[in-house]
Each structure stands twice: as C-alpha cells, then as structure tokens.
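Feature list (source: TrEMBL):
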type: BINDING; residues: His28, His76, Asp158, His162; note: Mn(2+) binding site
type: DOMAIN; residues: 4-84; note: domain 'Manganese/iron superoxide dismutase N-terminal'
type: DOMAIN; residues: 91-189; note: domain 'Manganese/iron superoxide dismutase C-terminal'
Amino acid sequence: MTDHELPELPYDYDALEPAISEQVVTWHHDTHHQGYVNGLNGAEEELAENRENGDFESTPAAMENVTHNGSGHYLHTLFWENMSPDGGGEPEGELADRIEEDFGSYEAWKGEFEAAASAAGGWALLVYDPVAKQLRNLKVDRHDLHALWGAHPILACDVWEHSYYYDYGPDRGEFIDGFFDVVDWNKAADEYEKCLDHFE
Ligand code: MN
C-alpha cells in the first residue's frame, strides 16, 4: 500500500494569474486536492483493515472512495502539471499531427473539447485510447463517471465549481478561455509520447 502525498505545485500560487487567481489555486490545491489525497489514503486503510479482519461490510463503500478520491488525486495532479505561466498557444509536433489526424483539425478538436468542458459536471479530458489507438475527448462527471477503461489522460481541465466560481462566477466559458491561456502543451506532448512508447 502506497501512502499517497499531495504533490507540490510546479509554480508559485499566483503564477497562473490572471487566468486563475492565487486564492483559487491555494484553496484548490491545498484544500480540495489534499482532501482527495486524504480520502484515497483513508479508503486504502479501510480496505486493508477489512481484509485483515475478514469483515467486508464497509468494503464496497471504501471501493467507491478509492475511485472517487483516487481519480480526483490523479486528475488534479495532471491538471496542475498541464498548466504553466508560460503556457498558451497551440500544440506542436507529433501531438499536433495526431490531433489533426484524429479530429480533423485543431479547431475541430478545440470545439469538441470546449463542448465537453461546458457540459461536464467534473472534467473535460483529452485521452489516448490504447484499444482503438486514437485520441478522444471525454466528458467526465465527478472524477470517475463516464470514464473509458484503459484510456490515458493527456490533458485535463477541471470544471468543478471550486475551479472557477470565485474568479468567474457562473461564466464557465470565460474560465475555459483562461485555461487555454495557460495550457502547457509540452506536458500534454510528454504524456502522448508515453502512450506511443507503450501502445504503438
Ligand atoms: Mn478540482
């Protein structure tokens, strides 16, 4: 059993301003993300205790806590990494070629991703699907509903209200524009490279 830990942000708390305020990054990372890390550790402890005691009454609920909090922890980790104060612009190189191949054009990809981000009750994700061997956009509710098994997230946009409401109020579209001002395509390209190494 691993003791999961909250990763440090790869930049200062105010580094994403004005797209995301220092206050929101602080609450989001130190309170919300920390909560998912704690929830995952707690659920794993409970599962281990239940196995030891041979009493599995609370095990199904603990399993739900693993997928909720574990997915929350993993997606937030990617979310922090796939933004940067030096971000913005469009993907380049092999990832740009693949987006064009799988979605038709960057503009078509972005329109589809923004549709997911506008409607999701959780996340918009660009993923690599290793079964179909293609990129896909997913609309995820909470952290783990409407997931696709085996898919590897390469870009994540958190559209929970805690992600934008303090900065933008109900105007989620403005937040999504802000996300694209700080998106770090280099990190997405790194994740895509991992998928090519493993699956193609
Ligand atoms: Mn969040």
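From the backbone N, Cα and C atoms, a Cβ is placed for every residue, glycine too.
Annotated features taken from TrEMBL, shown on the structure.
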residue: His28; record: Mn(2+) binding site; DSSP class: helix
residue: His76; record: Mn(2+) binding site; DSSP class: helix
residue: Asp158; record: Mn(2+) binding site; DSSP class: strand
Task: Nonlocal neighbours by CB distance (under 8 Å) for Asp158 (Mn(2+) binding site), same chain, sequence gap 6 or more - done: His28, Leu75, His76, Phe79, Gly122, Trp123
Task: In the chain carrying His162 (Mn(2+) binding site), residues 6 or more apart in sequence that have Cβ under 8 angstroms from it - done: Val24, Trp27, His28, His32
TODO: Write out, in the order they occur in the sequence, the residues of the chain not among His28, His76, Asp158, His162 that have a C-beta within 8 Å of the mean position of the C-beta atoms of the recorded Mn(2+) site.
DONE: His29, His32, His33, Phe79, Trp160, Ser163
TODO: Count up the helix, strand and coil residues in the domain 'Manganese/iron superoxide dismutase N-terminal' (4-84) according to DSSP, in that order.
DONE: 55 helix, 1 strand, 25 coil
Open item on the list: Applying a 10 Å Cβ distance cut-off over all chains shown, what neighbour count does His28 (Mn(2+) binding site) have?
Closed with: 24
- [ ] Starting from the Cβ of His76 (Mn(2+) binding site), draw a 10 Å sphere and report how many other Cβ atoms land inside it.
- [x] 25
